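Feature list (source: Swiss-Prot):
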type     : residues : note
TOPO_DOM : 1-175    : topological domain 'Extracellular'
CARBOHYD : ASN120   : N-linked glycosylation site
DOMAIN   : 176-356  : domain 'CNNM transmembrane'
TRANSMEM : 176-196  : transmembrane segment
TOPO_DOM : 197-237  : topological domain 'Cytoplasmic'
TRANSMEM : 262-282  : transmembrane segment
TOPO_DOM : 283-290  : topological domain 'Extracellular'
TRANSMEM : 291-313  : transmembrane segment
TOPO_DOM : 314-772  : topological domain 'Cytoplasmic'
DOMAIN   : 375-436  : domain 'CBS 1'
DOMAIN   : 443-509  : domain 'CBS 2'
REGION   : 647-676  : region 'Disordered'
Amino acid sequence: MAPGGGGGRRDGWPARGRLLLAALLLLLWTRAASGQSSPQQSVILGMRLASCNKSCGMNPDGIIFVSEGSTVNLRLYGHRLGEISSNLISFTEVDDAETVHNSTNCLELTKDLVVQRLVNVSRGNTSGMLVVITKFLRRSENMKLYALCTRTRADGPWLKWTDKDSLLFMVEEHGRFLPLWLHILLVLVLLVLSGIFSGLNLGLMALDPMELRIVQNCGTEKERRYARKIEPIRRKGNYLLCSLLLGNVLVNTSLTILLDNLIGSGIMAVASSTIGIVIFGEILPQALCSRHGLAVGANTIVLTKIFMLLTFPLSFPISKLLDFVLGQEIRTVYNREKLMEMLKVTEPYNDLVKEELNMIQGALELRTKTVEDIMTQLHDCFMIRSDAILDFNTMSEIMESGYTRIPVFEDEQSNIVDILYVKDLAFVDPDDCTPLKTITRFYNHPVHFVFHDTKLDAMLEEFKKGKSHLAIVQKVNNEGEGDPFYEVLGLVTLEDVIEEIIKSEILDESDTYTDNRTRKRVSMKNKRDFSAFKDADNELKVKISPQLLLAAHRFLATEVPQFSPSLMSEKILLRLLKYPDVIQELRFDEHNKHCTRHYLYTRNKPADCFILILQGKVEVEAGKENMKFETGAFSYYGTMALSLAPPDRSPAHPTPLSRSASLSYPDRNTDMTPSSLAGSNQFGSCILGQYVSDFSVRALTDLQYIKVTRQQYQNGLLASRMDNSPQLTLDGCATCTENLSERPELPVVDETTTLLNERNLLLHRASQEGTI
């Protein structure tokens, strides 16, 4: 068997290939030179380390080293290795790796390495496992170097391999550096420290600084004491984390080394350290500290501080770097949803009763719910028409409803123009049949509108400001082809918001439903019935009530410019209204509806009076097309008849008049009703100092109205001037009259044109209502 070179490293395959190629060329050259044919021989090309039962490996130079007293498996590569026996392979001792190539003769074979057998030969006879047993070195020796020797036959000469891949170091086995009892004790101590560091890492880092503050304020006395100990070092989160991790890694590494030295086998040392660290260093301590982290952390605070001090040179700079890169530690902060869910999940374990939990939940949901979620739908609201008369029937309906704030609508329920408070009716007599507008405009309560997406917390703040405890919910409707408009959806009250907070319904004697959503009705046990107190249908009211007189007085003083306090004092106006024949009644003849006495004004006939309808309905006919429409109470006509137009002013060119006679207040942007349209337009003309109406007004029902003639009005103006200037004598009446005639003229309007425009507006609105 001839040596052909070899190598024992994976990265030495190119060198071995070159050696193999050189050996084959040398073999062929030898055979060709001899000219003789010889039988094919076994060839060893290389050797490498396969395994051993003790520490072994390869040094940086590629030389195999093994421990003394171990069994080593060497992998051989070559040709026809199945024909090689153990007596053809041996080792010889050499001085050093540098001089091994000086000689190829194996002068003396060593007995320190015993070649056992060649096993596991491959099917192609190109590789096999050589088992070698190493003996112990002498006391004075700590290392020996051996070279591989082979021969071709049992009686042939030994040849020494000269490359480094065929060398083998045998080193002294290192013994334990500590006594066995101390070694075992140190392993146990390190195992305990590993568990402490692992448990503290989980227990302390799981304690949020915010949670520690909460425990300090509301925990038990023991918990407060523990929290006060832990909180200072827990604030230094990254520093504490780095110290615990460095200590844990240091202890686990030391434990592995000690176990390797104690057991001696690499696999057993790794398995033992893994089992010990996992069970006693991770599972048990973390299971304990996850439940009692506060107590464990407080009782081991001294040990933690010691390790923080010992690891300060390394852990503190790393913690500062983490603070710079990652920023400050993000503390646990519960938002609204998480806090609410935490209360629900922990309900079986906390001492909160269901009502308290509902209140907390309701308060937390204020910012997530809108007024549309809790409002009362518009069709379910109790409302009053703006043209309602506060008679006994209306008053009884209001009292039976039980509500203290009632919306007032005009034309349709979505057009809310006022709010009526029940306390406003304290001095209203049902027998007076006072118009509702008189009351609402006298108190002029603000109407509070909110959008449907307003959050409940914002709505509560608005209610707390004291503006109103009732709001109208609206939204912008931009559906369809027309312009966007505000659509009223319903009402929301302070009671609705409070009910949403406490998650319970507040029922009183006025509630009709227990809930706006379920629409479950309340049983009315104590509901009062006022039907027995209502007036008979055939009962007539001959005289005007004081309340109606007051309403007419206030209406004339505030809505009709000719009776404003700047022209006629309120005292004189009241005296004028109490003058005989100023307030009149007209009985309607059902059998002769078009009789002459039903006409208050006749087209193209002179008239010298002003008329204000108090009760009843009239029909107005105007324009070339003879358009007709109906008006009711508090519509007025003939303001131009109260004063003569100047001679130099043509009726065909009137002075423009601002529409200040509307029944709506100036600061409101509301639609006009037919009554307000009729009352806000005075139509007629002045011909030769005499007022001639170009319209007709005919009664449709029994009427009660105020009729003021021109002479009565002029006398009232004169009386007001004399009342304001009591120093004037009778001799100064002429001067007073002159001054009166020189007073600023009230502007007039083209009444027919105005009437036509208002009629078109009424027809357009009626068509819209029919479409809806």
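Note: Cβ is positioned from N, Cα and C throughout, glycine not excepted.
Among residues of the same chain six or more beyond the topological domain 'Cytoplasmic' (197-237), those with a C-beta under 8 A of the stretch's C-beta atoms are 244-245, 247-248, 251, 281-282, 285-286, 288-290, 292-298, 300-301, 304-305, 307-308, 319, 329, 331-333. If one looks beyond the transmembrane segment (291-313) by at least 6 residues along the same chain, the residues whose Cβ comes under 8 Å of a Cβ in the stretch are 196-197, 199-200, 202-204, 206-207, 215, 223, 225-227, 229-230, 233, 239-240, 242-244, 246-247. Residues of the same chain lying 6 or more positions beyond the ends of the topological domain 'Extracellular' (283-290) and with a Cβ under 8 Å from any Cβ of it are 195-196, 198-200, 202-203, 206, 296-297. For the topological domain 'Extracellular' (1-175), the model's average pLDDT works out to 75.
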